[in-house]
Amino acid sequence: MAESPFKADIERAQKELTEKMTPGAIAYIPGSSVINKTGSWRVFRPEFKKDKCVRCFLCYIYCPEPAIYLDEEGYPVFDYDYCKGCGICANECPTNAIEMVREVK
């Protein structure tokens, strides 16, 4: 069987594509949300009420971003550079110490 006259062209095109294109679903820098601030597009932001907080850490545990850390007393602190306003923290809070309020810019 004769070799296709287009084989060299196809191989060259495949090589160029694999060198130039990023395949989907591959994270070249896993965990890059720490590098790239992700909080600029939220519509709602968490507002914290310290007097209602029992320091259960559920907001910290369930936050899908690195947007909540705990201060030296164990109270949550929100990093609005990374908070996307998803509301999971407010939903998980058993004492309603976190309320989602409309973002004002």
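Using N, Cα and C of the backbone, Cβ positions are placed for all residues, glycine too.
According to Swiss-Prot:
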DOMAIN    44-73  domain '4Fe-4S ferredoxin-type 1'
BINDING   Cys53, Cys56, Cys59, Cys93  [4Fe-4S] cluster 1 binding site
BINDING   Cys63, Cys83, Cys86, Cys89  [4Fe-4S] cluster 2 binding site
DOMAIN    74-103  domain '4Fe-4S ferredoxin-type 2'
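Taking the features listed in Swiss-Prot, we show where each one sits on the structure.
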| residue | record | CB count, 10 Å |
| --- | --- | --- |
| Cys53 | [4Fe-4S] cluster 1 binding site | 18 |
| Cys56 | [4Fe-4S] cluster 1 binding site | 15 |
| Cys59 | [4Fe-4S] cluster 1 binding site | 23 |
| Cys63 | [4Fe-4S] cluster 2 binding site | 22 |
| Cys83 | [4Fe-4S] cluster 2 binding site | 21 |
| Cys86 | [4Fe-4S] cluster 2 binding site | 17 |
| Cys89 | [4Fe-4S] cluster 2 binding site | 25 |
| Cys93 | [4Fe-4S] cluster 1 binding site | 22 |
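Taking the Cα atom of each, Cys86 ([4Fe-4S] cluster 2 binding site) and Cys59 ([4Fe-4S] cluster 1 binding site) are about 12 angstrom apart. Taking the mean position of the Cβ atoms of Cys53, Cys56, Cys59, Cys93 as the [4Fe-4S] cluster 1 site, the remaining same-chain residues with a Cβ inside 8 Å of that point are Val54, Arg55, Phe57, Leu58, Tyr60, Pro76, Cys89, Glu92, Pro94, Thr95, Ala97, Ile98. Long-range contacts of the domain '4Fe-4S ferredoxin-type 2' (74-103) within the same chain, counting only residues at least 6 positions beyond its ends with a Cβ under 8 Å from a Cβ of the stretch, are 33-34, 37-39, 41-68. The Cα atom of Cys83 ([4Fe-4S] cluster 2 binding site) lies nearest to that of Cys59, taking the binding-site residues Cys53, Cys56, Cys59, Cys93 as the candidates.
Listed in chain order, the extra residues whose Cβ falls within 8 Å of the Cβ center of the [4Fe-4S] cluster 2 site residues Cys63, Cys83, Cys86, Cys89 are Pro46, Cys59, Tyr62, Pro64, Glu65, Ala67, Ile68, Phe78, Lys84, Gly85, Gly87, Ile88. Counting in whole angstrom, Cys89 ([4Fe-4S] cluster 2 binding site) lies 12 from Cys56 ([4Fe-4S] cluster 1 binding site) by their C-alpha atoms. Along the domain '4Fe-4S ferredoxin-type 2' (74-103), the predicted structure has mean pLDDT 95. Residue pair Cys56 ([4Fe-4S] cluster 1 binding site) / Cys63 ([4Fe-4S] cluster 2 binding site) shows a Cα separation of 13 Å. DSSP assignment over the domain '4Fe-4S ferredoxin-type 2' (74-103) gives 5 helix, 8 strand, 17 coil.
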